[in-house]
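Colleague: Can you read through this structure? Questions will come right after.
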Amino acid sequence: MDKFTDLNYTLNVITLMNSTLHTILEDPGMAYFPYIASVLTVLFTLHKASIPTMKIALKTSKCSYKVVKYCTVTIFNTLLKLAGYKEQITTKDEIEKQMDRVVKEMRRQLEMIDRLTTREIEQVELLKRIHDKLMVQSTGEIDMRKEINQKNVKTLEEWESGRNPYEPKEVTAAM
């Protein structure tokens with residue numbers, strides 16, 4: 001029975017649209033007929049599509065206000081796109097989501113900057129310690145015997161036979 005009621009309602013709306021269009025067509029100066037016909041078709045389609053959708057959404061949803069708001073915004077955005085506008089209507093929730101996303105990204109960037117700054121400070125401190133260790137300090141006279149590892153080398157007076165044992169000897173070989 002509901003289907004017949006919807007069918008009668010649809011036929012009545014179509015009849016109303018046809019009579020409106022015939023009234024408009026009687027005016028010979030009407031140049032905007034295709035635009036008006038398109039708008040009326042879109043409005044009728046939106047009307048027929050949105051009412052059952054809204055009924056189902058309101059019955060199944062716990063937060064009906066958000067559903068109505070979302071459907072209304074979607075319908076207006078569709079109409080704006082059909083009219084050729086690039087702008088869209090945004091709800092407060094979408095703006096808050098975008099702001100939360102921006103704030104989250106800023107926090108992530110700040111944490112990264114803090115980590116990088118901490119690393120750079122640690123590197124600078126390490127370089128300072130390395131520089132301090134590499135600084136040349138004058139100690140006055142340096143004992144070169146220890147530097148060239150000659151601690152156990154004996155002087156000429158300390159040799160037993162008085163001659164240098166490291167001097168080359170004359171060697172004769174038998175043939």
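Glycine is no exception: its Cβ is also placed from the backbone N, Cα and C atoms.
On a predicted model such as this, the values are computed, not experimentally measured, just so you know.
Found this in Swiss-Prot, in case it helps:
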BINDING   E120, Q123  Ca(2+) binding site
CARBOHYD  N8  N-linked glycosylation site
CARBOHYD  N18  N-linked glycosylation site
TOPO_DOM  1-28  topological domain 'Lumenal'
TOPO_DOM  52-175  topological domain 'Cytoplasmic'
TRANSMEM  29-51  transmembrane segment
Colleague: Could you state the CA-to-CA distance between N8 (N-linked glycosylation site) and N18 (N-linked glycosylation site) to the nearest Å?
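Modeller: Here the two Cα atoms are 15 Å apart.
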Colleague: Cα-Cα, whole number of Å: N18 (N-linked glycosylation site) versus E120 (Ca(2+) binding site)?
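Modeller: About 77 Å separates the two Cα atoms.
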Colleague: List the residues of the same chain that sit at least 6 positions away from E120 (Ca(2+) binding site) in sequence and have their Cβ under 8 Å from its Cβ, in sequence order, or write 'none'.
Modeller: none
Colleague: Return one of helix, strand or coil for E120 (Ca(2+) binding site), based on DSSP.
Modeller: helix
Colleague: Around N18 (N-linked glycosylation site), how many other C-beta atoms are within 10 angstroms of its C-beta?
Modeller: 10
